[in-house]
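What follows is one structure encoded as structure tokens, with my remarks underneath.
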Amino acid sequence: MFKNSRNFWVGSAAAFVIYVVIQLLFNQGVLNDVAESTIILICINIILAVSLNLINGFTGQFSMGHAGFMSVGAYMSAILTLDFNVPFPVALIAGGCLAAVFGMMIGIPSLRLKGDYLAMATLGFGEIIRIVLLNTEYVGGASGLSGIPTQSSWTWVFVFTFLTVVLISNFVNSIHGKACIAIRENEIAAEAMGINTTQYKVIAFVIGAFFAGVAGGLSAHKFYVITPTSFNFIKSFEILVIVVLGGLGSTSGAILGAIVLTLLFTWLQDFPEIRMIIYSLVLILMMIFRPSGLLGTREFTLDLFKRKGKKSDESVRSSS
Amino acid sequence: MDYIIQQIINGISVGSIYALIALGYTMVYGIIKLINFAHGDVFMVGSFVGLFTAKILAAQGFPPMVVFIGALIISMTASAVLGVVIERTAYKPLRKVSRIAVLITAVGVSFLLENGGIYILGPQAKGFPEILEKQQFNLFGSVQVDSNQVMILVVTVILMVVLQYIVHFTKTGKAMRAVSYDLEAARLMGINVDRTISYTFAIGSALAAAAGVIFGMTYNSVDPLMGVIPGLKAFVAAVLGGIGSVPGALVGGLLLGVIETGVTSVGYSLWRDGVVFAVLILILIFRPSGLFGKNVREKV
């Protein structure tokens, strides 16, 4: 997203302006509680989508267990604040760290698997986490944990969303990120060029899982109650759909996808009977007419606004 | 000993259902490399068509055997048509794009069938009529088999034999094998690839529908979300046996059924699904091509 430092600073300033404006709107009472929930949900989905995009979009490792990482972070941070009175941000980061450990555990089998097989293995892994939670009395079993303090304020959610986007886009633009992209493009060639594919695949899983865990913690501390069922593979699909719809391999695409789909979902709440039918039709039609997602692998940068000539020049080059 | 044999028999009858669904996965995956997530929901639709057909036929006063075979054939036909319609409208436009987009489409179709089912039929479970009266047979000792389990096995074996015949001795089957071996080369040799893929979907969906009718008769209850878990497990069965292999799907399904019943019978029924996924991960790590799969070297 931040191809150069100018983009980075302009992006950060824009994010800060968005933060202040929304905070003012809350203070003035222009945005009600429903709007606040929606905005926080958008941010949580942005964290999930951007982190999954690192694994799926940039490294090309097809993971479908993101809800599993999310649940690890959610449960860990909820237990820490509930039973041990740990401060909220520390609990979030601890949740993220535990999720990262799970990410490493999933990353290791991924060294032997690729494509659909990896997808199924990660899906199975996520489901196993869910079943273990379901059968553990300490975390409430099927009824889950409730009474979690609602501490995910707009400020906290914004801070963590901002950090996620900055850290992941900087990672992607670093030399390590280029290595990840090389693995996505052609694993064998990347290995032949001396990239330690094993190491980078595990790194992608660990970073992705960490932020998914943080997002899980944020959502647990927003919605007061967590159950194992809220982190089943349908949740993983939801995140995957956001990423694919936004454009695999584009951080700004993931953000755009999270905003569009969360708004669509919130809007569809008004039609409970046909909500999922419309949603699935949108999915199918989107994929048929725009299979590479809204942005493809392109990033939304400032250059998009000016110097049209340069842009068309680039598109000619990339198509040739 | 009797207890173990009894559990194995129960496991085989559950496993036959998985095997029938797994065949659809394995054939579709073998041909277009797509995990057809909507397959479990085709199974659900098949079950409902069977339910309504059985009710209508039974109301006309037909004998039970005719009702059963009628329900089976009509639901298989309807699901075959559904499978082809899904393939033509949702998957065919996506032949050339990335696999992940097709996968999302498959999930979309799956959601559409599930929620369309809830919208039309309501979310509650419906009772499946008892078409064939259940009878218990004593084999030896305390081992028992009921007529339903015999029926499951007979239907599964007949369908497998028919499928083996289609795949190995007909022109369509030959085309299917050719397309799954190399789609582009098959096209160059004059095989109508699109038609072959449609046939594959039709056959797979028909088998899933048969499994749906049998499932309804075994558990006496069907609902619009019933396809999700058996669908996933059947996929595990297909991977276990080696995806793309017809006998593999049969063995994988039966094995999975036996493992599942075994876990339940030692008192860990809550962990049943967890064990299934653990088996999946272990198989993928240690023998990714499955028990019957060929080990394909990656070309550089």
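The backbone N, Cα and C atoms fix where each Cβ goes, and this holds for glycine too.
Just so you know, TrEMBL annotations never went through curation; they're auto-generated.
Under the heading transmembrane segment, TrEMBL lists A:7-26 (among others).
Feature annotation from TrEMBL assigns transmembrane segment to A:38-55 (among others).
Positions annotated as transmembrane segment by TrEMBL: A:62-82 (among others).
As annotated by TrEMBL, transmembrane segment applies to A:88-108 (among others).
Proximity of distant same-chain residues to the transmembrane segment (A:115-133), defined by a Cβ-Cβ separation under 8 Å and at least 6 residues beyond the stretch ends, is recorded for 61-69, 71-72, 75, 102, 105-106, 109, 139, 228-229, 231-233, 236. Look at TrEMBL and you will find A:115-133 (among others) tagged as transmembrane segment.
The transmembrane segment feature in TrEMBL is assigned to A:153-172 (among others). With a threshold of 8 Å between CB atoms, the same-chain residues lying at least 6 positions outside the transmembrane segment (A:153-172) that come near it are 1-2, 8, 12, 15, 19, 22-23, 26, 36, 39-40, 43-44, 46-47, 50-51, 53-54, 58, 88-89, 92, 180-181, 207, 211, 214-215, 218, 222, 251, 255.
Long-range contacts of the transmembrane segment (A:202-219) within the same chain: residues 40-41, 43-45, 47-48, 50-52, 54-55, 58-59, 61, 63, 66, 69-78, 91-93, 95-100, 102-104, 106-108, 110-111, 152, 156-157, 160, 164, 167-168, 171, 176, 180, 226, 231, each at least 6 residues beyond the stretch ends and with a Cβ under 8 Å from a Cβ of the stretch. Taken from TrEMBL, the feature transmembrane segment applies to A:202-219 (among others).
As annotated by TrEMBL, transmembrane segment applies to A:239-265 (among others).
TrEMBL lists A:277-296 (among others) with the feature transmembrane segment.
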Please indicate, using numbers and ranges, the residues of the same chain that are 6 or more beyond the transmembrane segment (A:62-82) and have a C-beta under 8 Å from a C-beta there.
48, 51-52, 55-56, 88, 90-92, 94-96, 98-99, 102-103, 106, 110, 114-116, 118-120, 122-130, 133, 139, 145, 147-149, 151, 205, 208-209, 212-217, 219-221, 226, 228, 230-233, 235-237, 239-240
Could you tell me what the rest of the chain brings near the transmembrane segment (A:38-55), counting residues at least six beyond its ends with Cβ under 8 Å?
22, 31, 61, 63, 66, 70, 152, 154, 157-158, 160-161, 164-165, 168, 171-172, 180, 204-205, 207-212, 214-215, 218-219, 222, 239-240, 242-243, 246, 248-251, 253-255, 257-259, 261-263, 266
